[in-house]
There are 2 protein chains.
Amino acid sequence: MSEPLNLASVNVSVTPEEKFQEFLGTKGMRLTHERSLIVEEVFADHSHFDAEELVDRLKKRNVSRATVYRTLNCLEEAGLLRKVARTNDRDVYEHDYGYPQHDHLICGKCGSLTEFHSEGLAELLSSVSSKHGFLMEGHRLEVYGTCSSCAKPPKRQFRKLDMI
Amino acid sequence: MSEPLNLASVNVSVTPEEKFQEFLGTKGMRLTHERSLIVEEVFADHSHFDAEELVDRLKKRNVSRATVYRTLNCLEEAGLLRKVARTNDRDVYEHDYGYPQHDHLICGKCGSLTEFHSEGLAELLSSVSSKHGFLMEGHRLEVYGTCSSCAKPPKRQFRKLDMI
DNA sequence: TTGATTGCAAACGCTTTGCAACCGT
DNA sequence: ACGGTTGCAAAGCGTTTGCAATCAA
């Protein structure tokens, strides 16, 4: 059902919580206090995280591990989150709503994820897909290597050539 | 450092087993009967598989689950196999030796993997990487969607309009 | 003999699930 | 009261590991 306009929170975009509520509605599910806390915690900042990190953060708010896992699956199905990688045998999530399409450079040394966007990639993929009669719905691209920080020589260390 | 040329093993092709043995040697490990059976089974054909499938096939040959898992890790480290995707919470392997670089279209309906190769992709990725000072070592690209077979109408099923 | 390797079973880590208690409407 | 929801603990599942027995150089 459409709510009366709430200009304070609408204006341009629909908040993640609102979008989630809409999704839950179509499934005969409710936006409970716990789910609300989870959404709040997840969208507090735009960073990558895994389930266990979230579980930790929400333990303090008295939300159980089971509920966090269950809700993560809902958020993914609702299109608010997506899995972007796998690190240490854990799925890594990121926002998939109100955030532009991008992929990641994954550093094998420090594990950091660097986001990038490439115009050409989307075209390339849809071209390849249509060539195979494949109906593309999405993709996941992980580029492995070493990030610029880790590639630099360790900081605060004299290089022999400088010592003469 | 550059080794003296070994014409016998360069030029033409070294079998996977030979390459594995070479790798094992550098690690002070041996090419045992079990490992040999595993390599044979893995490279019998060029198809994608997961650990459990291999375990099944090798159970008949009296190789234990533990040894299969241990050897898969070795083969990956040796550069003979690589993980290309994850299906049903299982890592999917494919040959990474004597086979050209490619990526996959993954059907969400039947789970099939379709290989494709794109010239443009490699250039695009190295361009993006250098732009971020990232030293690319490899990548993994999975395109999700529906394969051409699954996209077609189900076979052998009457459509109501045909029945008049 | 020595050290690598194997099979077994138990352990592991992440995730899911059965179930009884518990809301919210 | 009626469903959906929660927390708990147990189960699941793929994968790893400790260990004693075994094997090969």
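A Cβ is built for glycine as well, from the same backbone N, Cα and C atoms used for every other residue.
What TrEMBL lists as Fe cation binding site is B:Asp103, B:His139. Positions annotated as Zn(2+) binding site by TrEMBL: B:Cys107, B:Cys110, B:Cys147, B:Cys150.
Sequence-ordered, the extra residues of this chain that approach the Zn(2+) site, with Cβ no more than 8 Å from the Cβ center of B:Cys107, B:Cys110, B:Cys147, B:Cys150, are B:Gly108, B:Lys109, B:Gly111, B:Ser112, B:Thr146, B:Ser148, B:Ser149, B:Ala151. Long-range C-beta contacts of B:Cys107 (Zn(2+) binding site), restricted to its own chain and to partners at least six residues apart, with a cutoff below 8 Å, comprise B:Leu113, B:Thr114, B:Gly145, B:Thr146, B:Cys147, B:Ser149, B:Cys150. Comparing B:Asp103 (Fe cation binding site) with B:Cys110 (Zn(2+) binding site), their Cα atoms are 18 Å apart once rounded.
A simple Cβ count within 10 Å picks out one of the binding-site residues B:Cys110, B:Cys147, B:Cys150 as the most packed, and that one is B:Cys147. B:Cys150 (Zn(2+) binding site) falls within a helix when secondary structure is assigned with DSSP.
If you measure from the Cα atom of B:Cys110 (Zn(2+) binding site) to that of B:His139 (Fe cation binding site), you get 24 Å. Look at B:Cys107 (Zn(2+) binding site): DSSP puts it in a strand. Proximity to chain A, defined as a CB-CB distance below 8 A, holds for B:His139, B:Cys147 out of the binding-site residues B:Cys110, B:His139, B:Cys147, B:Cys150. B:His139 (Fe cation binding site) falls within a strand when secondary structure is assigned with DSSP. Around the Cβ of B:Asp103 (Fe cation binding site), the number of neighbouring Cβ atoms within 10 Å comes to 23. Within 10 Å of the C-beta of B:His139 (Fe cation binding site) we count 20 further C-beta atoms, all protein chains included.
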